[in-house]
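S.K.: Residues annotated as transmembrane segment in TrEMBL: B:24-41, B:47-66, B:98-117, B:124-142, B:173-192, B:223-247, B:253-285, B:297-316.
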Amino acid sequence: MNHGTQALVEVRDLTLRFGGVTALADVAFDVGDRQICGLVGPNGAGKSSLFNCVNGYYRPSGGSIRVGGVDVLSVPAHRMVRLGIARTFQHPTLQPDRTVLDNVLLGGHSTLSGTVLSAMLALPGERRRERALVTRARELLDSLGLAGVERTSAGDLPYGSQKRVEIARALLSGPRLLLLDEPASGLTHSEVGEVGELISRIRADHGLTVIVVEHHMGLISAVTDHVVALVSGRKVAEGTAQAVQSDPVVVSAYLGAA
Amino acid sequence: MSVVVDEPAVRDGGGTSRRRHGRTLTAVALVLVFAVFPLFMSPFANLQVTLILVYAVAILGLDILVGWTGQVSLGQSAFFGIGAYGVAAGAVHGWPVWAGLLLGTAVAGVVGCLVAIPAARLRGYALGMITLTLPVVAVPLAKRMEAVTGGAQGLNVTIVQAPAWTGLAADQWRYYVVGVGAAIVFALAAALRRGRFGRAFDAVRVNEALATAQGVHVTRYKVLAFTLSAVYGGVAGVLYVVAVQFISPETLILTLSISMLAGLAIGGLRSLLGCVLGAAFYVVVPNLTGSVSAGQSYLLYGVCLLVVMLLMPRGVAPALGHAVRRVANRRERAAASGE
Ligand SMILES: Nc1ncnc2c1ncn2[C@@H]1O[C@H](COP(=O)(O)OP(=O)(O)OP(=O)(O)O)[C@@H](O)[C@H]1O
Ligand SMILES: [Mg+2]
């Protein structure tokens, strides 16, 4: 299916319920290694819920998720980032009073070691590791076009830049799988195009697998290898962006939602 | 539009080094003033400053929990008491001060950790209610355990006396000892806040899903914050006994916990300066209101608290910082346009 590449992500029969609400019902799909998979569907389709299951924040009621052969449902949520799963949030979730650099550095949390005591005493090893992380964070900020604002408070940045800071933060953990939740929502037309280029470039530079949730069909068509469409928690179509966009069930779901 | 674009450039450009220079100068000046202050001031003034530093340490501990991690606690006075009784009871039994310091802060930390393990799963009011029980239990306990605590009379001790070669009076020596102790624990907290732990605590406060996705075990970090907060409370208690050579159950009452929270709010969250200013408010304002009207002292104190919070809802330190930044920005802009 996925152009013959081996699957990095395998989702099987995934079901998630909140009381009476079924957010996901028997969802199954694969994402090939180093592929970009688009996840589309109207509001409330279950896209963000799916991300929350893949990174362990929600525990599904049934089904399985494997990433790189590891059953992620048996891994505690705070260990996901060490498995190489990183995400951005639909609404920029930054520490508004901290600088952009600090916000990005948070993404390196799982790559650092050291005890409270060594941190309080600012021991040489601690300082060296921190400096190395700052260097990597600056490189990422540079490559994402954020070099000039590293000392600005994150809360003072325009919306589009905040979304980039989220991406930089996710990349600093050194992920294999990047989950992007609506990276282009709320952006201007030209910014949407830039985000598309950015996603392709990130995949190439970091050798990543990406799952991207987006409502901008232009962006989905431009960057994805493969698209999964959800409607009311069910997978209703899968294939190339073009095929999914012209799928009658998807079209009517979007018309119904609009 | 041009204002918006210019702003970060001004903030990040030539002004930074000048501002850093200014900051170093201010720090050196502050240390100098602090160092010579007790040589010229009355024993009463020295004691006041010493107490401000003591409470600043306790409020800093509270800030780690409340300001950094977004939890709440009404238990800080109990940890303050554990530290104080640790060093005072140790001294009564002939222990050296460092042993009492270790014992007091270690017990405070262990109790803090034990309370935190169930409490970390709670938030808001529920957490407040659990921590409320700490001073409620600690005060009668201190009264009952007479053999250790001296009961309701408390413990009088004579510790940390000025060595003869210094030629310093008791109040001056205690001022320096507490000053150095406070400086050390402030520096430790500042280093912690700058690195990965500080960022992780912030993430827990801002959004737990965010923290978890970065690999932060939310419950573990809440317990850690609570433990550190308790240790700082314990250290403050030890410094308190150094300052006043006395501890009694009256000191650990719930009112002290509430006053520390109020001090934190007055000074401003997540600011070392704020902790000192909040402590200064707690120590100095009741004296002032008491001298205005002995009978209405508490009422006036409450009014002062309200007025400050209404004028500076985020606290004094952030308001000061904001004002300083505004003046500096205006000056830099004026300098830039003058070129
Ligand atoms: N924590 C939760 N508790 C209860 N219900 C939830 C929770 N999270 C999601 N849901 C429900 O699950 C369904 C799917 O929501 P989800 O946020 O995953 O949709 P989405 O596809 O991301 O939509 P959008 O495009 O608006 O972001 C919705 O009905 C939502 O109300
Ligand atoms: Mg969503």
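Using N, Cα and C of the backbone, Cβ positions are placed for all residues, glycine too.
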S.K.: Can the transmembrane segment (B:173-192) be said to touch the transmembrane segment (B:98-117) if we require at least 3 CB pairs below 8 Å and skip pairs under 6 apart in sequence?
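M.R.: Touching, no - the transmembrane segment (B:173-192) and the transmembrane segment (B:98-117) miss the threshold of 3 or more Cβ pairs under 8 Å.
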S.K.: Any contact between the transmembrane segment (B:124-142) and the transmembrane segment (B:47-66), i.e. 3 or more CB pairs below 8 Å with pairs at least 6 residues apart?
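M.R.: No, the transmembrane segment (B:124-142) does not contact the transmembrane segment (B:47-66).
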S.K.: Should anything in the same chain at least six residues away from the transmembrane segment (B:24-41) have a Cβ under 8 Å from its Cβ atoms, list it; otherwise answer none.
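M.R.: Distant contacts of the transmembrane segment (B:24-41): 49, 171-172, 175-176, 179.
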S.K.: At a C-beta cut-off of under 8 Å, are there same-chain residues at least 6 beyond the transmembrane segment (B:297-316) that contact it? List them, or none.
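M.R.: Sequence-distant neighbours of the transmembrane segment (B:297-316): 262, 265-269, 271, 274, 277-278, 281, 285-286, 289-290.
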S.K.: State the non-local partners of the transmembrane segment (B:253-285) in its own chain: residues 6+ outside its ends, Cβ under 8 Å from one of its Cβ atoms.
M.R.: 48, 51-60, 62-63, 66-68, 72-78, 80, 132, 134-136, 139, 186, 189-190, 193, 301, 304-305, 308-309, 312, 314-321
